[in-house]
Structure formats: C-alpha cells, structure tokens
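Working notes, structure below.
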Amino acid sequence: MAQYTPMIQQYLKVKADYKDAFLFFRLGDFYEMFFEDAVKAAHELEITLTSRDGGSSERIPMCGVPYHAAQNYIEQLIEKGYKVAICEQVEDPKTAKGVVRREVVQLITPGTMMEGRTIDEKENNFLAALTRFEDGSYALACNDLTTGQNTVTLLTGSVEDVLLEVYATGSKEIVVDSTFSQDELNKLTETLKMTVSYEEETKIPEGLEPLVKKVTQTKLVTAVGRLFNYVLRTQKRSLDHLQPVEIYYTNQFMKIDVHSKRNLELTETLRTKEKTGSLLWLLDKTKTAMGGRMLKQWMERPLIQKEKIEERLEMVETFVNDYFLREDLKEKLKEVYDLERLAGKVAYGSVNARDLLQLKRSLQQVPAILEAISLLDNSYAAKLIEGADPCEALTKLLDRSIQENPPLSVKDGDIIKDGYNEKLDEYRYISKNGKTWIAELEKREREITGIKSLKIGYNRIFGYYIEVTKANLSLLPEGRYERKQTLANAERFITDELKEKETLILEAEEKIVQLEYDLFTALREEVKVFIPKLQHLAKVISELDVLQSFATVSEEERFVKPVLTNKREIFIKDGRHPVVEKVLDGKLYVPNDCMMPENMDVFLITGPNMSGKSTYMRQLALVTIMAQIGCFVPATEAILPVFDQIFTRIGAADDLISGQSTFMVEMLEAKNAIANASERSLILFDEIGRGTSTYDGMALAQAIIEHIHDQIGAKTLFSTHYHELTVLEESLTHLKNVHVSAIEEDGKVVFLHKIQEGAADKSYGIHVAQLAELPDSLIARAKEVLAQLEGQEEITIPKRTEVKEQPERMQQPVIEEQPVIKEVAEVQQESEEIVEESQLSFFETEERMEKQEKPVLDAKETAVLAQIKKIDLLDMTPLEALNELYRLQKKLKKG
C-alpha cells in the first residue's frame, strides 16, 4: 500500500471494512469509486470507466457520479441487491492538514433503504435476522426501518417451514451468523432472492433495552439483538422511531404456504407477478399508504380466533350500514399522509419542512376522525381508539412555525413563519427594509446624476454595486463613486453609504438562513418527543382505513357478512370468485353453491377442462380467506367454520424448490398437506397424479383421497380426470361426487359452469380441442377414432408406402429417452409378426374399415378392449400412448 498516494491509501483503509459494498468515496462534488468497485459499478450503472494516477506504476480504474445525482445511482445498485457505503468528508478541506478526514456515515442495503423508488408506499421494507439454535429451532426477527416496526417469532418446524416463513415476510435482506453453510446461504440468495449479511453480536445494544421489555425468551432476545446490532452498525445515527418488539406466533394465524398464496393469487398474479388482477388489487380501497400496508399484512396472516374475526366483521358492518359516516371518513383519510414513515424521517434526521407541513395537515384531520368513531355504539371501535392522542399540541406547534409553502431544502431559508422567533423577525426587518432602502437609493442616484439607465445590482462575488454604462460615465460627480468592476460596456461602482447598508443587509440575510436552519433543527427535536404517539395514532388510522376499505368493496361488489360457526360445516349460497367476477366487468358470472355439512368432507369434482373446476376450488379458498381477515364475502349467504390451514395444489408447477418435476412437486405438496393438515383445514387438490402414468396416477389419487377421508377428515375439494374414481362414493361415506355441467348443441359443447351433484358422464376433450382451434382434419379424425373406441371396433391401418423425411433434429438420438425408445422398438419388432391388416393405427381410411369383418372376441380380448375404451388419449403424451399399447399387446399375447 505504501506505493499509493495518501488519498488512495485512505480509500483502501476504509474499503477494507466494507468489502461487500460499493464504496462511494466523496471527492469534492463527486462520489468516486476505484479498483474493482469502479469496474463493476461502470458496468452495472452504465457509466464511463476511466483511470487515474494513484502513485503506483499502473493507473487505477476509476468511475464517479455527481453528488447531487447520487441517490438515483444508489437506488439502481440497491435494486440489484448490492450494498453501498457512503464515505463523506468529515472536516473542512480549508482547515485540513494533509488528506481530508473521511468516514463512512451510512451503509445502505436492500433491507435498510429509507426512501426512494425501491420503497413501495403500500408495502413494508423488512430486514430479517435469522438465528439458529443447537436444538434445531430458529428465531426470526424483522425490522422495517421506514416505519420502526419490529417483530420476532420462534420457529420449530422443518428447514423448509423456516424458509417459507422468511419468504412470507417479504424481506429483501437477511442477517445471519457465520455458522450457516454455503448450501443454506444458496437457498437464501438463489431460491428466496435475498441479500445475505452477517452479524455476530447478539447482545441488545445500549439504549435499546426498553424495546425488548416484553420479550422474555432468551432465543427471541438473541435474534432481536442480532437485528438491532446490524441496524445500528449500518445506519450510524439516531433511531428513536424504533418501536417495541412485537412477539407473534405462527399458530395464531391461518397457515397458507407460499405455493398456495401463489396459486390463489392473493397479492400478485401468477403470470405477471403484479398486483393488478390479484385479490389484494380487488380489496384495496384504502386511502392511506399505511392502511395499504396493513391490508397486505392482514391478507398474509388471516386470523383463526373466531371472536377477533367477528369484531372486525361487526365494524365492517357498521361502515356498510352508515354510508355518510363511511364517505366522510374516506374524505378525511385522503388528507392523511404516511404518519409512520414521517415519524421515521423525523427520527432519522431526513425530514424537511414540507414533510412537517404534511404532518400538520394530517393531524388536523385526526380530531374529527376520532370523534366520529367515538360516537359509534361498537365496543371494538371504542377499544380501537382508546389511548389515541390527536397530538393537538404538535399541530399547534407546526402551525405557528412552518411556512405554508416552504422550499425542499432546509438550508435555503424561508421555512419559519414570522412571529415564531424575535431575533429572526429582527433580521428579516433589516433585510426587508434594507432592500427597500436600496430601491430608494437607486431612484435618488438617477435623479442626482440624470442617468436614467443607472441601476443598483447584486451578485455573490462583488456584492451590491451601482452600474453605469460607459456612455454616461462623464455624468458622474467626481470623488463620490469608487470603481469596483469594469465590464465591456459599463463600469460598476460603490459608495460609502451603499457599502454600509450592504454589510447590514448581507449579514442579516446570512444570519436569517443560519438561524432558520438552527430553529428547524430544534423544531425537529421537539417533534421527536411525539413519535410514540404518532406511531400509535398511525395504527389506529391504518386499521380504520382497512375496515372502511372492506366496507366499500363489500357494498360495491354485493358481498355479504359471513356467519362463523364452531361446527365443521360449509354453507355458501351463490358463491362467486371475486376477482374473476370483477374482471368479467358486467358480463354474466355463474355463481355456485358449496354445501358441505358436518358429515361431508370430500367433494370429488369431475368435468371437462375449461369448465370452471379450478375457479370453483379457488373460489372457496378466497371466500374463506376473506372471511378470516374480517371482510364480507362474495355470496348471497355464507356460513363457514374457521380453518386453521389451507393447502392447495392447483395449476402448473411453480414453486420455490427449483429443479423438481411437475409430478415431484405434486407429491411434495400432497405430502405437506397429508403431514400437516387437521380436520380444521381446507385442502384443494386439482388433478393430482397427472404427472405420471395413468395407472400410477389413478392409484395415488385414490390412496390420497382415502387417506384424507379416513385419517384426516379435512374439508377437501378434489378434482380429477380419472372418472373411475367416482365409484369411491359407494365406499367412502363422507365423499360426494359433483361435476361441472355442460350441454351439447348442434355438435358443439356449451359449458354451463354450474356445479351439480353426481359424476360427469363425458369429458368433452375433443370439444375443448376445438375451442383451442386445432386443425379441422385432426378434430374430425379424433371424433372418428372416439366413435370406433366407444363402439368397441378395431382400428387398423394400411402399410405405409411413403414416409416424409423427418427434420434433422427429430433424427438425432435423445439420450434421456433411450429406455422409452427401446420399448417402442420392441413394439415395432413384435408387431411385424401380426397380420398387417390388424395393426393399430390412427390413419386407416374409413372405406377400408367398413370392408373388414368384425372378429369374434374372447373374454381376455373383450377385457382389453374395455380398457382401451377408457383410455383418455388426449390426456396422454405420444410416448405414454405407445407404452400403454405395448402393455396391452403383451397382455393379449399371454393368452
């Protein structure tokens, strides 16, 4: 390092402490980066990479960003999961001896961003800290630095359960210790897409002990200690807005695993990963940012305590029944800014005058809101607003101190109102009168000299001056004007009188700016005292906002208040999928009942694709979740039990466990339900077993149904294409067949989307293929083959005389499919021994088949033909079909 210049040595010394972050090194008006940081930053930010002399034989890579535009570049790096250390000059370069002293004043990470475009106003920005203990348990602590919220929980399940809970927090960054293995870290970084950071210290930092007063378990305190130490180490400033740690237990809420949340599209859609089209999108009628965040938290964790759910429902009913109260509340909430994050900015020291003006305007709405709620005859409302302080003293303080239209910067003056501070008023009087005197002097000088173009101006370098054009210089009295500056076409002068006033005016203006900044800083400290009250008030306002949102959407969409029962029965009359109905936008939506009395546990659902089976299943789950977060539900009547968990297997494979086949994912999710579901759970399985061969899939599907029916007793909707399973209704007393109805008109199928009792009699697979616009010739041939199969006729083909040349890619051997290819080859070899006319084919002409005589079949052949009739060819791959053909041929040959 000795060969480098002192400044580069300083850079390297600081960088050594922040190896995993980009070091923004302040040099004048730029943040500079050097060495590997420069190369990588230039690529990520798409800025110019240059170099400089650093004292060594080779030039040092360098890039930089302007100080005033740094925030944009920092956000770009944070969005990509990087960290940025801000290294500032901490002494005046004018007074520095040698290299200016520099220190890192903040480490910005994905989990500690306070503001910017990466922060969604209606989402929390959680930082998580995970601690593992010798007994295999974990403690998970989370902090949202923007709001000060802190939570902690103990996790005793599997590693997968822990990862899913971490994922559920939505954290962008997780703090661990050095005992975590590389495999575990990979799951966090690659699977959960989180930035991993390290913190070994777990002792609660000095001054933050009051925040863990209610946390008595050592494990939980350890996790919180790790979290707090990391936050303090990265932020290096006051964190007075941190709230007391809240303990939560996962068994206090309905469990919905990540796969189910995705399949049900609770907060984002499966396809676009956006809010629009999700249940959250439909329910979000909140008027405040903090209300939007609370709504999402409620949706992530539905309640399972019947009394608490009913409290929310009663409050929603109050708002539904009182239109004028609800509309008045909404109008007031529109004027309420984000109290939580404003309080955070106050504590953080980043609040400006406009923020405080927003705070004042928000607080001005609070007394009327609290008064209106206090008049309600509702115990939940009374409990909700109990202890809420409208902070009227703070409102008055801000009203008499902050100008109505202050500048964005707190260092430009014009922030504090007249009358707030006597000294400031005095300086302002001098400044204002001084400027009036300047205007009068200009008028007087014009009269004395007779120069109409004479003017008095000001600039930062020369101060005040009298400017006269060169053509008029001869008109100036001698000895009165002192030359100050010469221009191309004019001369600038100063007089003793102007010099005296200039001193007074400039001193006053400098003192005004400095005094206003000092007064604002002091005001900010006064506001800090109110932070706990503001945070409590924010929770009250947020909850009221969510409840009015439920009431608003319930009235708009014709939802009804659900009745919760302790019995294990479901009674939903005219239930609807709320999002699908909304997207249809006025088009006819077909509602469906779901009646499952206490003695009915399983609905076995059959019916064609596109008929609405999956929608019906999702509909029940969404109705259940909506009820348990305290919202009305889309139905004309609803009686529901309180479910402890929801398990779903709907749609294609889309999970956190990368690299697994569709069938493996099905089995893992089935295992999750079988291992963890109780009789108070809801299970939704769509087409379980489709990812393997027909008989394997059918056998597994039947075994799973029987296990759920006999061993678990959970309310279950199980859809299937295996129509053979419908006979289970005869042996399983708590299972009932239902189907999605359809009718045929003029050879075309019409899906009625109506759930009816009994099993489906047809699959309508060919009709679905028609809707998918498969070629007409293919559809016609499929109908032909289907008719022959249903009539138990043989299907034969002529010997092929001409084969089209296959594309080159089809001729290449596929290593993975060699076993299957071998089976196909065996089929072909054995088929040569059979009479040519009896070979099976999908290409025999109708004329030739008519000429053939129907053979007399023995019992074995009749049984095989019956099996062929049941095969759903459209639900098999070509290779699966060939394997099935091979099996049937072997069976016939054994005869």
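Quick reminder: no glycine exception, Cβ is built from N, Cα and C everywhere.
Annotated features in Swiss-Prot:
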- GLY607, PRO608, ASN609, MET610, SER611, GLY612, LYS613, SER614: ATP binding site (BINDING)
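When other Cβ atoms within 10 Å of the Cβ of MET610 (ATP binding site) are tallied across all protein chains shown, the result is 18. When other Cβ atoms within 10 Å of the Cβ of SER614 (ATP binding site) are tallied across all protein chains shown, the result is 20.
On its own chain, GLY612 (ATP binding site) has VAL590, ASN592, VAL740, PHE751, HIS753 as residues at least 6 apart in sequence with a Cβ closer than 8 Å to its own Cβ. In three-state terms derived from DSSP, LYS613 (ATP binding site) belongs to a helical segment.
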